[in-house]
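The following features are taken from TrEMBL:
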type	residues	note
DOMAIN	62-170	domain 'MTTase N-terminal'
DOMAIN	198-429	domain 'Radical SAM core'
DOMAIN	429-491	domain 'TRAM'
REGION	34-54	region 'Disordered'
TRANSMEM	556-576	transmembrane segment
């Protein structure tokens with residue numbers, strides 16, 4: 001392998017000087033490109049390496065496969081990275097075998113997720129694929145042995161994914177792990193107006209903040225995402241507006257802790273939510289993400305009003321983790337079981353029918369049989385319709401990993417016991433025969449149904465009628481299972497179109513503004529003008545949104561562009577020959 005492939009660079013600037021052309025400039029400024037005639041090497045010096053020299057590789061034409069693990073925040077990051085790469089010219093493929101590069105976006109919450117990530121790296125290397133790593137695993141522990149020599153894009157650097165991919169394709173190893181800051185203050189992350197490819201064109205995932213205010217002893221995500229950093233209200237509202245203009249009918253708000261939103265910038269979650277509901281069109285819905293008990297306690301009255309709003313799902317994910325105060329103290333969760341019960345009881349009273357989802361960790365260090373029985377009683381009391389049961393895994397570098405561990409067999413048994421309790425009740429049986437208003441947004445895993453959600457974000461399977469997709473319709477519930485209900489559209493129901501415009505096609509890039517689409521066709525300067533407020537290295541969203549002449553439908557412009565390019569090459573060769581003769 002060439003020496004260039006062995007070097008590990010901490011930043012793009014390690015190989016690109018201030019005088020060098022940036023990727024932006026290389027796309028639009030061709031006048032400095034002079035063809036070179038390569039001298040033939042003698043047979044004894046012929047390069048036998050399969051890798052072409054880095055200066056002969058043309059970035060932006062390769063195929064890229066993206067795999068994301070973990071939470072909706074991670075999925076949002078993956079959508080943004082896909083959008084930027086596609087806007088630049090790369091092809092995003094679902095076929096890993098045909099891809100030139102694998103972009104692996106990792107999750108560090110559990111050992112199994114990291115194991116899958118590690119195995120995917122190994123597979124990529126065995127298949128001789130270029131690899132770029134993203135997500136919480138490399139951000140939290142970039143010096144792990146199995147990450148050695150591989151390119152890494154940090155969780156706050158996703159707006160520079162094009163640069164990292166470009167240099168990786170050339171054979172360099174690049175690592176961008178810095179934090180976004182403004183006058184020394186940490187920002188929420190990359191800009192929200194970057195191009196993206198939504199996994200589901202009808203659903204927009206918006207990260208309202210990154211990081212959190214807690215220091216849970218079992219959590220590895222904190223090492224990657226850091227302390228709380230919130231996006232301004234106006235930026236989030238603008239992102240929502242843009243999404244609805246692109247045919248989205250459902251918005252998910254996500255972060256490591258949505259309840260803590262705004263504490264670092266002098267605002268709060270209810271303030272944001274009231275601003276957002278003002279811009280939600282009729283028939284579209286908003287879903288709140290996970291919030292920890294301490295921060296929702298302060299806003300119970302306002303949150304109840306918001307969750308009763310007809311365009312907000314009456315759904316809230318509030319992780320309890322354990323019903324033992326001593327275990328919660330060891331976890332450093334900063335609340336007690338009574339706090340959790342107060343939140344749940346209040347919301348159940350003020351928001352009739354609300355869905356409360358929660359998480360529980362089985363076998364946390366120091367958890368006794370009595371502690372676990374308290375958790376079992378809590379589940380029996382509330383009979384949560386949505387319960388995420390997690391067997392404890394010690395994550396390297398966390399305080400909990402150094403605590404005396406519960407035997408593996410005990411952890412496994414407790415996980416099994418809690419799972420059996422959860423599956424002993426059916427939360428939806430009493431709803432058979434009801435008529436419910438549902439929003440249809442996706443296809444079921446088995447492809448036999450479309451998936452819709454009622455106002456409580458309960459899953460309803462409906463007939464696979466293309467006319468229903470993206471629509472709000474009334475159905476009659478005729479069957480109930482553990483995790484779903486089945487509904488049939490009623491004959492006298494009015495089908496309401498939530499989208500204010502046609503949704504983007506699957507795989508279509510969001511965020512390509514009309515200004516950039518129009519520029520080449522109008523014959524204006526193709527080069528996007530830099531913003532005075534935004535540094536060059538964070539301005540990818542602007543210039544990547546451009547559509548180049550050969551991407552336009554107009555054949556005349558395409559022919560003209562190619563003709564001018566050929567003429568320029570001939571002129572350079574002509575003058576070059578004259579200089580040689582002189």
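Every residue gets a Cβ built from N, Cα and C, even glycine.
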What average pLDDT is reported by the model for the domain 'Radical SAM core' (198-429)? 95
Within the domain 'TRAM' (429-491), how many residues are helix, strand or coil going by DSSP? 6 helix, 32 strand, 25 coil
Reduced to three DSSP states, the domain 'MTTase N-terminal' (62-170) has 53 helix, 24 strand, 32 coil
